[in-house]
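S.K.: Quick paste of what Swiss-Prot says about this protein:
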TOPO_DOM  1-29  topological domain 'Cytoplasmic'
TOPO_DOM  51-63  topological domain 'Periplasmic'
TOPO_DOM  85-91  topological domain 'Cytoplasmic'
TOPO_DOM  136-154  topological domain 'Cytoplasmic'
TOPO_DOM  200-257  topological domain 'Cytoplasmic'
TOPO_DOM  279-297  topological domain 'Periplasmic'
TOPO_DOM  319-325  topological domain 'Cytoplasmic'
TOPO_DOM  347-361  topological domain 'Periplasmic'
TOPO_DOM  383-404  topological domain 'Cytoplasmic'
TOPO_DOM  447-472  topological domain 'Cytoplasmic'
TRANSMEM  30-50  transmembrane segment
TRANSMEM  64-84  transmembrane segment
TRANSMEM  92-112  transmembrane segment
TRANSMEM  115-135  transmembrane segment
TRANSMEM  155-175  transmembrane segment
TRANSMEM  179-199  transmembrane segment
TRANSMEM  258-278  transmembrane segment
TRANSMEM  298-318  transmembrane segment
TRANSMEM  326-346  transmembrane segment
TRANSMEM  362-382  transmembrane segment
TRANSMEM  405-425  transmembrane segment
TRANSMEM  426-446  transmembrane segment
Amino acid sequence: MVTINTESALTPRSLRDTRRMNMFVSVAAAVAGLLFGLDIGVIAGALPFITDHFVLTSRLQEWVVSSMMLGAAIGALFNGWLSFRLGRKYSLMAGAILFVLGSIGSAFATSVEMLIAARVVLGIAVGIASYTAPLYLSEMASENVRGKMISMYQLMVTLGIVLAFLSDTAFSYSGNWRAMLGVLALPAVLLIILVVFLPNSPRWLAEKGRHIEAEEVLRMLRDTSEKAREELNEIRESLKLKQGGWALFKINRNVRRAVFLGMLLQAMQQFTGMNIIMYYAPRIFKMAGFTTTEQQMIATLVVGLTFMFATFIAVFTVDKAGRKPALKIGFSVMALGTLVLGYCLMQFDNGTASSGLSWLSVGMTMMCIAGYAMSAAPVVWILCSEIQPLKCRDFGITCSTTTNWVSNMIIGATFLTLLDSIGAAGTFWLYTALNIAFVGITFWLIPETKNVTLEHIERKLMAGEKLRNIGV
């Protein structure tokens with residue numbers, strides 16, 4: 001631990017240094033998202049070869065996919081404690097180390113049971129990253145760029161997906177699924193190196209009573225010393241509330257409202273159904289008439305590129321367009337896309353589809369993913385990091401992140417079962433209905449938080465304002 005004295009805390013910094021530090025923090029922490037994206041993408045391409053190698057049933061295929069989410073849900077339960085004890089920085093370090101171990105274990109698995117166990121370890125690592133990185137970024141960013149910095153995390157997720165799809169396509173010619181899974185260890189090592197140079201979160205430092213260090217970090221990140229001191233004072237005011245976590249959740253209705261809203265948001269994100277496209281894209285395109293592995297992987301890569309470019313656009317629009325408009329438009333686009341995709345797949349099931357419907361299926365999949373990438377994918381993480389009161393932020397985000405992974409596990413573990421029971425059309429139309437419902441929930445319940453400080457949101461929440469008004 002580096003001790004920063006008062007003199008260093010008063011050292012002036014140039015605007016260029018401030019911008020460089022903000023960029024470094026954003027990119028370094030967002031590498032955690034890259035790891036998440038790599039694991040999402042790599043299993044889509046590796047699963048057909050793993051299925052052939054171990055002769056897997058549909059149920060075991062679902063477990064190979066969803067075991068990562070199971071581990072993430074388990075890891076999320078301990079994230080609050082880990083983040084409070086070690087801080088955001090060293091929580092990221094722990095996640096990166098586990099990611100290396102899980103990747104190597106997956107690559108050298110000699111049985112499906114060993115593979116599932118290794119993917120549970122990967123899941124714990126991903127769960128730590130998905131909790132800690134958005135939280136860290138929200139606490140490091142000023143209110144006018146907070147959405148952009150957290151969206152950088154989602155952009156890195158999509159970049160990871162695209163890189164995984166590219167890697168899968170390259171290795172698909174030889175069917176080397178072990179190389180597909182083992183290559184994930186490389187960016188995890190990069191994250192370990194980058195985390196060494198990251199500063200601790202000023203809010204975590206203040207919570208530990210290390211106010212001089214907290215001010216020094218804020219001075220590294222804010223345009224002026226006055227802004228740094230003003231923000232530190234706001235943090236101190238927020239910390240005057242003594243109770244925290246579970247104790248505060250039990251006795252304070254407003255805290256419960258924030259926690260339940262975060263859980264609802266994460267469930268909504270997952271039950272859009274978009275991650276089943278990421279996990280099972282080759283299978284979906286096989287149902288859509290693409291018969292060869294090469295055709296399926298190329299179509300999958302196109303979807304990944306769509307995800308990445310749409311997320312890139314979202315990075316520069318989320319702080320301008322606002323959270324609520326993005327969600328309402330995104331859910332509407334996903335509802336339309338899944339509706340038409342279900343129709344296309346029904347024609348293939350009936351044997352009445354033309355070749356043009358194959359490409360329409362790809363187009364609808366791209367539309368769904370673009371809608372997701374520009375709305376629920378980044379915005380839900382942004383909102384969940386913004387709405388929790390500081391004194392119980394670890395607890396609140398632990399609850400919402402756990403909900404994300406449990407919901408993620410459910411959709412991953414039920415997709416093939418749904419296909420067998422209600423068909424491809426019924427499966428995607430189920431997600432159409434859910435997305436329509438989410439438009440209404442967004443309109444009536446979700447707050448707009450753009451360009452608002454975390455402390456302002458907390459004051460409105462604790463004053464008992466309606467949830468949709470806490471950002472006003």
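Including glycine, each Cβ sits where the backbone N, Cα and C put it.
Bear in mind that the values here come from a model prediction, so they are computed numbers and not experimental data.
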S.K.: Does the transmembrane segment (326-346) reach the transmembrane segment (405-425) with at least 3 CB pairs under 8 A, where each pair is 6 or more residues apart?
M.R.: yes
S.K.: According to DSSP, how is the topological domain 'Cytoplasmic' (200-257) divided among helix, strand and coil residues?
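M.R.: Final tally across the stretch: 43 helix, 0 strand, 15 coil.
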S.K.: Among 92-112, 155-175, 179-199, 258-278, 298-318, which stretch has the highest count of C-beta pairs below 8 Å with the transmembrane segment (426-446)?
M.R.: 258-278
S.K.: Counting CB pairs under 8 Å, which listed stretch among 64-84, 92-112, 115-135, 258-278, 405-425 touches the transmembrane segment (179-199) the most?
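M.R.: Per the Cβ count, the answer is 92-112.
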S.K.: Near the topological domain 'Periplasmic' (51-63), which same-chain residues lie under 8 Å Cβ to Cβ, leaving out any that are not at least 6 residues past its ends?
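M.R.: For the topological domain 'Periplasmic' (51-63), the list is 111-112, 115-116, 175, 177, 412-417, 420.
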S.K.: What stretch, picked from 30-50, 64-84, 298-318, has the most CB pairs under 8 A with the transmembrane segment (92-112)?
M.R.: 30-50
S.K.: Out of 30-50, 64-84, 258-278, 298-318, 362-382, what stretch is closest in contact terms to the transmembrane segment (405-425), meaning most Cβ pairs under 8 angstroms?
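M.R.: Stretch with maximum Cβ contacts: 64-84.
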S.K.: Would you mind listing the long-range same-chain contacts of the topological domain 'Cytoplasmic' (136-154), meaning Cβ under 8 Å and 6+ residues beyond its ends?
M.R.: 22, 25-27, 29-30, 32-33, 88-89, 92, 199, 201-204, 217, 221-222, 227, 231, 311, 314-316, 318-319, 323, 373, 377-378, 381-382, 385-386, 450-454
S.K.: Looking at 30-50, 258-278, 298-318, 362-382, which one has the highest count of Cβ pairs under 8 angstroms to the transmembrane segment (64-84)?
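M.R.: Comparing 30-50, 258-278, 298-318, 362-382 against the transmembrane segment (64-84), the winner is 30-50.
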S.K.: Which one of these stretches, 30-50, 258-278, 298-318, has the most C-beta pairs shorter than 8 Å to the transmembrane segment (362-382)?
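M.R.: The stretch with the most close Cβ contacts to the transmembrane segment (362-382) is 298-318.
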S.K.: Kindly state the mean pLDDT of the topological domain 'Periplasmic' (279-297) in the predicted structure.
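M.R.: The average pLDDT of the model in the topological domain 'Periplasmic' (279-297) works out to 92.
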S.K.: By DSSP, how many residues in the topological domain 'Periplasmic' (279-297) are helix, how many strand, and how many coil?
M.R.: 14 helix, 0 strand, 5 coil
